């Protein structure tokens with residue numbers, strides 16, 4: 001898979017041209033699917049549904065943005081809820097409201113991280129409409145945010161926000177399987193907001209992921225980056241680990257990289273044999289609480305967007321009268 005990602009999707013390998021006919025077929029299928037679901041299957045709701053998604057395969061930094069939007073909504077005095085698919089969640093009955101003492105293996109790493117960082121209900125369900133209805137019935141929320149779900153067209157939405165990785169952009173620009181696009185780049189013209197994570201693009205808003213103090217997993221004690229004067233192990237099980245490694249480099253931390261697949265369920269043996277202090281992402285850290293030790297740390301990040309985005313966001317017609 002890494003060959004496709006690095007050489008074909010984000011490079012100029014000849015194999016992409018062999019796969020282009022399949023990409024055109026894929027475009028026809030997804031266009032037809034979208035038309036059908038929107039016309040015949042989409043469920044609409046009486047409150048704003050904000051979808052934060054992406055048009056590429058892999059991680060782009062959606063979850064920190066979801067957390068920041070939820071916090072901003074709460075600051076307006078509004079009740080917000082979050083729905084998520086719960087990717088790789090072991091639980092089998094849905095919809096399910098994430099509890100703070102749940103394990104990442106049970107409910108998924110991103111839903112658990114969001115539930116622990118925001119004082120609002122987080123509900124998982126592969127069929128997102130079930131999660132939306134649960135929030136409306138059980139919590140009387142005023143605004144719902146969907147973490148991912150841009151292509152889940154059975155769920156109605158009021159605002160669509162697409163996040164793009166500023167390092168990798170849209171790759172070679174082709175749809176699957178020749179490229180990383182879930183939908184053609186023309187889809188960007190139809191959404192309400194395009195946000196570039198750690199970069200810039202014409203007509204898009206820029207987002208920065210600001211690193212906070214490093215935290216020791218076992219005690220939740222904040223530790224200065226200056227404490228790490230010797231080499232550490234940088235562990236990442238995210239869609240684009242290079243972004244995490246670049247952040248550590250910018251902080252002046254020397255490290256050996258240990259990359260795992262996105263959403264990897266860490267076990268003690270993954271980390272026990274590493275003789276160095278381990279710094280991981282916050283998303284990975286929620287999977288390691290049950291076997292935390294003094295050598296495990298994580299680096300939280302916070303999404304930061306400029307005032308122009310928030311002015312445009314709160315001026316959106318779908319949010320009028322909600323604050």
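Cβ coordinates come from backbone N, Cα and C, glycine included.
Now, the feature entries from Swiss-Prot:
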- 56, 57, 58, 59, 60, 61, 62, 63: ATP binding site (BINDING)
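Secondary structure from DSSP puts residue 62 (ATP binding site) in a helix. Cβ proximity to the ATP site centre (mean Cβ of 56, 57, 58, 59, 60, 61, 62, 63, cutoff 8 Å) flags the following additional same-chain residues: 54, 163, 165, 239, 240. When the binding-site residues 57, 60 are compared by the number of other CB atoms within 10 angstroms of each CB, 57 has the fewest. Of all the binding-site residues listed (56, 58, 59, 63), 58 has the fewest other CB atoms within 10 A of its CB. Sequence-distant neighbours of residue 61 (ATP binding site): residues of the same chain at least 6 apart with a C-beta under 8 Å from its C-beta are 163, 165, 197, 198, 207, 209, 243, 303. For the recorded site, residue 57 (ATP binding site), the DSSP three-state label reads coil. Residue 62 (ATP binding site) counts 24 other C-beta atoms within 10 Å of its own C-beta, drawing on all protein chains shown.
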